[in-house]
There are 2 protein chains.
Amino acid sequence: MKIIKEVEEASIKRSVDSGTEEQRKAVKKIIASVREKGDDSLKEYTEKFDGVTIEELKVSEVEIADAFAEMDTGMIKVIQEAADNIRDFHEKQKQSSWFTTRPDGTMLGQKLTPLDSVGVYVPGGTAAYPSSVLMNVLPAKVAGVGRITMVSPPGKDGKLSAGVLVAAKIAGVEEIYKVGGAQAVAALAYGTESISPVDKITGPGNIFVALAKREVFGDVDIDMIAGPSEIVVLADGSQHADEIAADLLSQAEHDALASAVLVTTSEELAEEVSREVERQLSTLPREEIARRSINDYGAIYVTEDLEKAVDLVNNLAPEHLEILTADPFETMAGIRHAGAIFLGRYSSEPVGDYFAGPNHVLPTNGTARFSSPLNVDEFMKKSSIISYSEKALRENGDKIAAFARLEGLEAHARAVEIRFNKRG
Amino acid sequence: MKIIKEVEEASIKRSVDSGTEEQRKAVKKIIASVREKGDDSLKEYTEKFDGVTIEELKVSEVEIADAFAEMDTGMIKVIQEAADNIRDFHEKQKQSSWFTTRPDGTMLGQKLTPLDSVGVYVPGGTAAYPSSVLMNVLPAKVAGVGRITMVSPPGKDGKLSAGVLVAAKIAGVEEIYKVGGAQAVAALAYGTESISPVDKITGPGNIFVALAKREVFGDVDIDMIAGPSEIVVLADGSQHADEIAADLLSQAEHDALASAVLVTTSEELAEEVSREVERQLSTLPREEIARRSINDYGAIYVTEDLEKAVDLVNNLAPEHLEILTADPFETMAGIRHAGAIFLGRYSSEPVGDYFAGPNHVLPTNGTARFSSPLNVDEFMKKSSIISYSEKALRENGDKIAAFARLEGLEAHARAVEIRFNKRG
């Protein structure tokens, strides 16, 4: 890995694929077709893009039972335990409705209501991750969303992967449909004969899925468009180079566009990690992907002191941050921008990908400056509550009317005054 | 107003202006120019679009002092009191960082951090509302945002309105710049010699501002694009027709595209309100605007019973909802979708526009199904915290590695295992 010294600013931003004009046109056409022809259109596109004829879009109970039979019992228990941990953590995020009163009879508050319905997109093929099913579905479930629909493109055999079906069942998804791509997004947004429309669509997908989500946004809500994965390890000189190298590679193996970065105060550690990365790389099944990621978007920054290292991390605003310093909690206090923060030697990043409980859907590409991990708040909405008593309005009505007139809105002022000054 | 009976479904969605190809090109050109030429470009566009030459973009202390001198002392006190109410309400929204521990040494948590910087756009001319300044700035202030920058297009006299400056000062804005349009959004997103870049841009604006916000989204965060105002009044037969009519007109006077709707169980009240709207309309200074709104987007729906009325309101998902029934709190329990809910006769909608405390930036056009009023959460972001002990990783490491291998991610599994299985 390249080692860079005396750096003041750095970035892990990569250019986001925003699609070609042709792709955007194709997506618009697909959406229009699904709105017009419903299920027929979904089946046509599935034949065209996934190369398989689907009679019944909805996954049957038999298919789900088959998935459980296919999977190792020990593995099912692991998924179950991970789901329990994720549910526990997200339950702590759940906000309550609240209100406040004043002696004059004023009552103000905030009412929280779960969304009526959510659609979760799950990619097909090797990107059909059971962990992503848990991470997208469970926050919605904890929020109390009434109806959670899942869509995913079928394989050539006309099926979804066992892992995805098991995870979906464990997470509590009730409706699963074998359809993917822009056509699935259109079905979730506008409904077909089989698929009822939802209020929000979440989950990752390819460029067609991303463009379709952008296209339907406004009619329904969407989650953020996730970019390639990133890890930054912040380490002082007392740390284990082999473990740091392994953690860097765990993100690098995701994607050739992934970014793995070490920020350290120790030149010696920098050299050691660089050697370890090279050594471990050559033993990985996904060596080629990981190597491209390390070469193109990997870096080791050596800083003068820990303060400068923390500044650089805030500058990078990474998706995942590992803090490996003498006192990780003290170091964390200075971190302003990071999606998830892993503290100490035994909090290797994959702990968070699968098992600990916090969400693995995290802000990428520097957006941790202003974005959060996927969380329960995103599946609930707030309504403000305002209840004024006669006394409260009598005491404040003139002020409200004056403010309205300052803004030239006479009817606003009169709406308040008519309560007390009746005509005739 | 038109009275409609036996309705099952209704909508107040209006088509959103998403701009022409020409407008989008113009906005892109403006943004590119500001990124290249900085302040010079801002001044050029201000000359071109606002018809005024600005030497110094930043509003001076003298200009702010002049604004206070120009404004009536009583009015300043009203703005101050409104600001206090808004600050109080939003302080109750503020979430805290939290953590949880397990006996095995696991510590999980969520760290909340305010955004570093926010830019607030304030429209010029008659839409320069001091109340909007308070509503956009104060949630950011309460969140603890470090730097809040305001931009607004100057009038022909090269100044901003006294009301806007007074409200900005009271809300605690420290930097105000006399620049508007897409050029101001570009300056906030990418910075110029005078204006430092921000992490999030909020506030309403014309189509050029909206397109510019969409364009810079991703590099910075933006708030929702607000549509024209809406009010739905839900009333049983015991209510005052003149007051309801006044409340409907208070929203209708905003915009010819505004929508004012009554949903009632009483045919008699429907007739009365219809007559009252007509009577009051003819006395309003903004009669023409209000009349177009009432004719094009106003309606009175008469339902069989209160349950059907509540269903219809949820169907409409209005920005503002007034509940005028025998027991408004009981009725509220059935409401799932509304931006702000006003309970009872003395909670006329303008109470919330100016004074009570809850935010007046609310979801429009049916988006209350999945969106919330502007709130403190939108100016803070979350970071997940994961700290595993040696014991916790030893006990769960195999499960995590198994899950990783299920997904074909070998380097993830090894990152965990290397903590315990050293080579050599």
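Heads up, the Cβ atoms here are built off N, Cα and C, so glycines get one too.
The NAD(+) binding site annotation in TrEMBL covers B:Y121, B:Q183, B:N206. Proximity of B:Y121 (NAD(+) binding site) to non-local residues of its own chain (separation of 6 or more, Cβ distance below 8 Å) is seen for B:M150, B:V151, B:S152, B:G180, B:A184, B:V185, B:L188, B:I201, B:T202, B:G203, B:P204, B:G205, B:V209, given in sequence order.
B:H320 (substrate binding site) carries a strand DSSP state (E or B). Annotation source TrEMBL lists substrate binding site at B:S229, B:Q251, B:H254, B:H320, B:D353, B:E407, B:H412.
Packing around B:H412 (substrate binding site) is summarised by its Cβ count: 28 other Cβ atoms lie within 10 angstroms of its Cβ, all protein chains included. According to TrEMBL, the Zn(2+) binding site annotation covers B:Q251, B:H254, B:D353, B:H412.
What TrEMBL lists as active site, proton acceptor is B:E319 (among others). In sequence order, B:S229, B:E230, B:I231, B:A338, B:G339, B:A340, B:L362, B:P363, B:T364, B:A368 make up the list of same-chain residues 6 or more apart from B:E319 (active site, proton acceptor) whose Cβ falls under 8 Å from its Cβ.
Residues within less than 8 Å, Cβ to Cβ, of B:H320 (substrate binding site) and separated from it by at least 6 positions along the same chain comprise B:S229, B:E230, B:I231, B:V232, B:Q251, B:A338, B:G339, B:A340, B:F342, B:E349, B:G352, B:L362. Under the heading active site, proton acceptor, TrEMBL lists B:H320 (among others).
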With substrate as the bound species and B:S229, B:Q251, B:H254, B:H320, B:D353, B:E407, B:H412 as its recorded binding residues, calculate the greatest Cα-Cα distance and give it in Å as a whole number.
57
Intermolecular Cβ proximity, binding-site residues B:Q183, B:S229, B:E407, B:H412 versus chain A, under 8 Å
B:E407, B:H412
Packing count at B:S229 (substrate binding site) (other Cβ atoms within 10 Å of its Cβ)
24
Could you list the residues of the same chain, at least six apart in sequence, whose Cβ is under 8 A from the Cβ of B:Q183 (NAD(+) binding site)?
B:I30, B:S33, B:V34, B:S41, B:L42, B:Y45, B:T46, B:F49
Under 8 Å Cβ to Cβ from B:H254 (substrate binding site), same chain, six or more residues apart: give me those in sequence order, or none if nothing qualifies.
B:P228, B:S229, B:I289, B:S293
Using a 10 Å radius on the Cβ of B:E407 (substrate binding site), the other Cβ atoms enclosed count 19
Argmin Cα dist to B:N206 (NAD(+) binding site) over the binding-site residues B:D353, B:E407, B:H412 returns B:D353
Looking at the binding-site residues B:N206, B:Q251, which one has the fewest other Cβ atoms within 10 Å of its own Cβ?
B:N206
